[in-house]
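A.B. asks: My structure is below; once you've seen it, I'll send some questions.
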Amino acid sequence: MFSVNDILLNEFQFKKMNENILNWTIENVKNFLKDKIESKEILNAIIEHKIDGKTLLLINERDLYSLEAKYNILLGDLKKFSLIIHKLQSENRNCLVYLGLIDSQSNLINNLLNSNSQHRSTFQSHHHNILTERNHLHDIDISPPNSVDGSNSGKCFATCIQPEFFKTIVSLGYAFLVTWLTAFVMVVVHERVPDVKKYPPLPDIFLDNVPHISWAFFACEVTGAILFSVWVCVLIFHKYRMILLRRFFALGGTVFLLRCFTMLITSLSVPGSHLQCQSSDHKFDDGEDFNVFEMLVNRISRAYTIWSGLGMSIQGVRTCGDYMFSGHTVALTLLNFFITEYTPRNLYFLHTITWLLNMFGIFFILAAHEHYSIDVFIAFYISSRLFLYYHTLANNQALMSHDSTRTRIWFPLFSYFESCVEGIIPNEYNALGEIFMTLGGWLINLKDLCMLTARRIWLTQNQSRTESNKRQKRSQSQTTPKRINKISTNGNNDKIRRSMTNLSSALIDDTDRTVSTRKSVNCGPKKEN
């Protein structure tokens, strides 16, 4: 039956559906069938038996023949109704998993059938007698879902696919960090490359029998550029491009992270005498002028040169020591497998071209004597096996949910990125008009986001300004009475001073007058004598 993780996973996927048939009411079912079936008997049966969306998914062949016997439904209308139900069951397969009618992918569960088997003896018509001889597994006849390319081959493909932009951004960040780490490790292993005079090239079956071709490595990178251009075109037109990008970044980052360890553990000698490989001048030596910071800065600058040039010689990047295993082979193999996986199976010409480019690219790597044969072989094997294992688990939720705890421990990135994908990603493509409409929608959303952020910033600034103005008004209102008191005290002091000066001036005038009168009195009698 189901484990707890299966039930939780299916419930999570069920809650993320936008328009679920399980939420249909009786009126929704009637309106849905009204445009597809002209039989009034079927519509009346829908209303009389209270058939909603969940009940519509549970209708089986036995129920159809019981309706035919009761309402005298014509055979043509009955078959049309049956086809509609089968199509709904196929398109809403995840709902059947959620209800417990099928197990994860395609195994039918006949609990409902066993509970209803005791009522078979009540059916007396010819059609019911025929159905009693059938196997219980045919009572709920779910038509097989379409394959990746749209043909009914029994392959289960995902029905509720969400783009999940945040997970794609996380995978991009993971690939970004791994590429930077790879560039830095390439700088370190270049410093540890063995001396050609002391350690000559190792014996190799292919390199010893194939002469060196000077232009072969350039041709290898040209084939890689062609494959990358085809892959970009697939991403542009594919309907589920975000999931493709997420898987591409996850797989590429994981393989190159493994490559960092294999390069750093063992340093192989230079595979060809034509390669002029010298150790870097910035090493941790025992010299007197030992500055770790300067050497680290030099290494980071060299790593940036490698990272910005994508490690390609046509970009002016030349490295040595990064032999186990070949990064060019990894890129060619992953591009080839992703193109063949996410393009229709009937594009035989395109798939043949991509495989030829992959094989010729590997041949050009060996013909240029840039890698040993073991480097190329291990790179191809690891890249192809990891791609196949990842997609096998992603396309079969039963394998992933069988032991989900172990899967989360050993494959944490896979468990996170593929938690909401319940089957094979169908190869559906958008037209140019749809792509432009999608880009227009993104631009409009970006414009709305910018406007909202600008409005929020403006509102916060205005709010801060109003708060500062209120504070200033409060401070001014608190300081004005003090100023008034100071002004009043100063005015009173001035009045006192003025009154005192006036009083003093009056006293001086009075004294002067008294003195003058006294002098006049004294002078009068003397003149008489």
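Using N, Cα and C of the backbone, Cβ positions are placed for all residues, glycine too.
Straight from TrEMBL, here's the annotation block:
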- 172-193: transmembrane segment (TRANSMEM)
- 213-237: transmembrane segment (TRANSMEM)
- 249-270: transmembrane segment (TRANSMEM)
- 319-392: domain 'Sphingomyelin synthase-like' (DOMAIN)
- 323-340: transmembrane segment (TRANSMEM)
- 347-366: transmembrane segment (TRANSMEM)
- 463-529: region 'Disordered' (REGION)
- 475-505: compositional bias 'Polar residues' (COMPBIAS)
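A description of the local structural setting of each listed feature is requested, covering burial, neighbours and distances.
C.D. replies: Note on the transmembrane segment (172-193): residues 245, 249-250, 252-254, 256-257, 259-260, 263-264, 267, 270, 277-280, 282-283, 299-300, 302-304, 306-307, 311, 319-322, 327, 413 of its chain, located 6 or more positions outside it, place their CB under 8 angstroms from a CB of the stretch.
Under 8 Å from some Cβ of the transmembrane segment (213-237) lie the Cβ atoms of residues 244-245, 248, 312-314, 328, 331-332, 335-336, 338-339, 342-343, 350, 354, 357-358, 360-365, 367-368, 370, 429-430, 435, all in the same chain and six or more residues away from its ends.
Within the chain carrying the transmembrane segment (249-270), a Cβ under 8 angstroms from the stretch's Cβ atoms is held by residues 168, 171-172, 174-175, 177-179, 181-182, 185-186, 188-189, 192-194, 196, 199-202, 277, 320-325, 327, 330-331, 334, 372, 382-383, 386-387, 390, 413-414, 417, all 6 or more beyond its ends.
Per-class residue totals from DSSP over the domain 'Sphingomyelin synthase-like' (319-392), listed helix then strand then coil: 55 helix, 0 strand, 19 coil.
Outside the transmembrane segment (323-340), and at least 6 residues removed from its termini, the chain residues within Cβ reach (under 8 Å) are 182, 220-221, 223-224, 227-228, 230-231, 234, 244, 247-248, 251-252, 255-256, 259, 262-263, 266, 268, 271, 311, 350-351, 354-355, 357-358, 361-362, 365, 370-372, 374-376, 378-380, 382-384, 387.
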